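All remarks here apply to the structure that follows.
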Amino acid sequence: MLKIYNTLTKKLESFKPIEDKKVRFYHCGPTVYWTQHIGNLRGMMMADLIRRSLEYLGYDVNFVRNYTDVGHLTGDNLGDADTGEDKMEKGALREGLTPDEIADKYIRIFENDTKALNIEEPNKKPRATQYVKQMQKMITTLIEKSYAYVTPKAVYFDVSKFSNYNELNHQNLELNLSGAGTGDVSDANKKHSVDFALWFFKTGAHQNALQTWEFLGVTSEEVENGRGFPGWHIECSAMSKALLGDTIDIHMGGIEHIPVHHTNEIAQSEASNGVKFVNYWLHNEHLNVNGKKMSKSEGTGYSLQEVVSKKVEIKNRMFVNFEPFDLRYFFLNSHYRSKQNFTWDALKDAKIARENFDERVWSLPERKGNIVKSYKEKFIKAIENDFNIPQGLAIAWELLKSKEKEEDKRETILDFDKVLGLGLKGSQNIGRKILEPKHLKNIKIRNLIKERDEARLNKDFRKSDELRKLIEAEGYIVEDTKEGTKVYKKE
Ligand SMILES: [Zn+2]
């Protein structure tokens, strides 16, 4: 029986989907104005592991992850959604591109990064700018039901009208309403400082907004035809409703979304739809760097590109690059609800462990085997316990070191890899099969061979001989043939 920790109840609950064996899963995606750092990518991978686990357990998962390409202001994460600059416009000004071009550029980078980390594609990946009509429809309903009000500057959700406002964040509404801990209120007509904007009119601080739409039926004294742009929170509510329905099974995001973004999503969706929005709320913890919050200004907001271009010393003073799978393996080692601490040394340990893991799997014979039932049961038990992937990985290791039949080990590990996603399926048992170095999955050997080829090209035969010995010490044989260097594993 699958158990999931639900932020709404702060309890481990048995999972019961709305429709039998089907899961409606919404994941809050990135605001595409900048390259995502590895902390954000970890959040994406945690959702990927949960989705893969659900599929492994036999659920048919409809997984939606959005792109926010309008309306996310820099104040949003400070608990004040109505102040600051639009992140997309900030990106556009910085790079001399249009907001649309900025979105295209950073979506491309994001998708390259997630692909490199073997994160599966969502079933749908809506862009907020394509759902403005649906957002307007929801806002209109909220106005009609008196949950929202219009000022000359914006349309706001009246937090005092929604009695369950703090159900998710377990805060005290009275405290919110008295204005504790909120930022500047730039609109004098706003009723309570915690009321949040559903729609900003193209006026005041936003009079030069680059991305705006008409909003017929809603009038502001300061703009014609309600022209403006949506607030960030309404985007997820509208896209989730459009693609998954009024009530969904799982909604996931980083823990920073609990106090404001997800709290506001619940208020808007439940007030306008009149039914429960989400049955299970899941939140992933953050990645720290050197024990501290990741920070661009301190140079620790690493991108995947920065990680893979970093050289690491393994042994014999050999320098090799990190690979995206090293980072994936590193992330597999901590539970989604735990903080994880990134250091270069920790990533290096993960790299060594992963190569070791991969090599053990590759050395298993490709004969047809059977799934080892006892291990599969243990693996399922681990992921059914609120997706305990680190334990699942430990079970895979235990199996590799066990006395089970070699071909059965292989069959079972490849089955586990549907969840772990280490790309083991494509790996080959090279045995005595002679390969070109580029087909070798072992990066360490590949690099040694490359260095040896260079030495031979420079006629530095002493060095090339030393390198050959190093390669042999790792259990591989190189052969120089007319078609170039070939490699095979020693028996
Ligand atoms: Zn969201």
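Note that Cβ sites are derived from N, Cα and C of the backbone, with glycine treated the same way.
Quick look at what TrEMBL lists:
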DOMAIN    15-351  domain 'tRNA synthetases class I catalytic'
BINDING   Cys28, Cys236, His261, Glu265  Zn(2+) binding site
MOTIF     30-40  motif ''HIGH' region'
MOTIF     293-297  motif ''KMSKS' region'
BINDING   Lys296  ATP binding site
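Mapped onto this structure are the features recorded in TrEMBL.
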residue : record              : contacts (Cβ under 8 Å, 6+ apart)
Cys28   : Zn(2+) binding site : Arg65, Asn66, Cys236, His251, Met252, Gly253, Gly254, His257, His261, His262
Glu265  : Zn(2+) binding site : His233, Cys236, Ser237, Ser240, His251, Phe277
Lys296  : ATP binding site    : His37
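Cβ contacts within 10 Å of Cys236 (Zn(2+) binding site), excluding its own Cβ and spanning all protein chains shown: 29. Remote same-chain partners of the motif ''KMSKS' region' (293-297), defined as residues 6 or more beyond its termini with a Cβ less than 8 Å from a stretch Cβ, comprise 37-39, 286-287.
Here the motif ''KMSKS' region' (293-297) has, by DSSP, the following mix of helix, strand and coil residues: 0 helix, 1 strand, 4 coil.
In three-state terms derived from DSSP, Cys28 (Zn(2+) binding site) belongs to neither a helical nor a strand segment and is classed as coil. With a cut-off of under 6 Å between the Cβ and any atom of ligand 1, the binding-site residues Cys28, Cys236, Lys296 reduce to Cys28, Cys236.
A 10 Å cutoff on Cβ-Cβ distances gives His261 (Zn(2+) binding site) a total of 21 other Cβ atoms nearby, all chains included. According to DSSP, Cys236 (Zn(2+) binding site) sits within a helical segment.
When secondary structure is read from DSSP and collapsed to three states, His261 (Zn(2+) binding site) falls in the helix class. Other residues of the chain with a Cβ within 8 Å of the Cβ centroid of Cys28, Cys236, His261, Glu265, the Zn(2+) site, are Trp232, His233, Glu235, Ser237, His251, Gly253, His257, His262, Asn264.
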